[in-house]
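Feature annotations, reproduced from TrEMBL:
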- 57-177: domain 'FAD-binding FR-type' (DOMAIN)
- 112, 114, 145, 152: FAD binding site (BINDING)
Ligand SMILES: Cc1cc2nc3c(=O)[nH]c(=O)nc-3n(C[C@H](O)[C@H](O)[C@H](O)COP(=O)(O)OP(=O)(O)OC[C@H]3O[C@@H](n4cnc5c(N)ncnc54)[C@H](O)[C@@H]3O)c2cc1C
């Protein structure tokens with residue numbers, strides 16, 4: 001009797017121990033599973049959502065999806081984000097802002113700014129303007145020049161398609177006086193678009209742009225992007241030959257045909273160097289005009305710039321508008337100084 005009770009008790013405690021162990025095992029397995037799922041979720045988040053959207057605060061990975069030489073120095077590069085972007089920067093960035101991104105050279109840990117253009121490369125390698133609302137899931141296309149001893153652009157020019165680079169931004173480089181107007185630009189991709197007379201709510205203002213080499217990129221951004229600049233741009237562009245511009249040349253013709261810009265081209269190859277013919281150039285540069293804000297009264301027949309933007313190598317900036325110091329604009333001298341422009345209406349972009 002006594003031994004049977006003892007046996008019964010022993011069996012009960014053994015069963016309890018087994019149940020407790022099983023319960024413990026289930027708990028371990030369950031908590032292991034939860035931890036694994038949390039780990040998986042955090043890995044998934046990190047891979048797919050963390051630091052994926054382009055931001056000035058961290059670098060986002062892009063793949064070189066097109067790298068094509070235009071000549072021995074200039075090239076077009078398209079970068080495709082590894083993860084499709086959700087934000088269309090062409091409609092999200094306010095129209096009056098000029099913006100660029102920084103590309104990192106990881107071997108020497110330096111960054112350089114480059115100005116994206118609202119263009120895409122088609123499957124047959126043609127360059128087209130992105131229509132309104134389209135942003136190719138965040139692809140960025142750049143017009144670039146490599147310098148013989150320059151660090152970053154030379155490195156970029158040699159990158160094969162598929163190479164991963166890191167990009168952060170956007171950074172605002174300059175903000176023009178605000179404009180809110182919508183403006184049709186379908187002529188940029190539709191060869192049959194008609195030249196129509198335009199109506200605006202507010203009287204638009206005009207600007208002048210003095211650019212050399214890839215310094216033309218910010219002005220092309222302003223002219224080509226969604227909600228483009230509503231006024232007209234008087235452009236003075238210096239280059240070795242107009243072929244340096246690659247597909248931008250054709251777009252500049254269209255912009256002129258549709259009265260968005262007037263271009264004076266100075267090709268050093270044709271001995272048409274702005275420095276050597278400064279008397280002629282001075283005749284083409286207007287003095288700064290006053291802007292009378294108010295309801296739209298119509299577009300003038302001539303371009304009346306109220307602001308001049310200057311963008312190019314240091315020596316070019318000095319010729320056109322006087323020396324630019326690292327952290328300050330410096331005085332307005334050079335060609336613009338001679339025509340009465342000053343620090344209130346000239347901005348020297350780097
Ligand atoms: C807002 C902004 C937007 C820009 N957008 C564009 C753009 O869209 N496209 C574009 O192509 N560029 C753009 N740039 C210019 C770009 O950021 C770089 O400055 C350019 O690519 C040169 O960088 P790098 O590293 O190749 O040359 P760097 O190493 O900076 O050299 C620059 C110059 O110095 C010379 N140099 C270098 N080392 C020496 C040396 N030891 N002795 C003598 N000379 C030397 C080089 O030959 C070159 O002429 C932009 C710049 C800014 C600020």
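Cβ coordinates are placed from backbone N, Cα and C, and glycine is handled just like the others.
TrEMBL entries are annotated by machine, without manual review.
Look at the binding-site residues 112, 114, 145, 152 and count other Cβ atoms within 10 Å of each Cβ; 112 has the fewest. DSSP labels the residues of the domain 'FAD-binding FR-type' (57-177) in these numbers: 13 helix, 58 strand, 50 coil.
Confidence for the domain 'FAD-binding FR-type' (57-177), expressed as mean pLDDT, is 95. A Cβ within 8 Å of the Cβ centre of 112, 114, 145, 152, the residues given for FAD, is found for these other residues of the same chain: 103, 113, 142, 144, 150, 153, 156.
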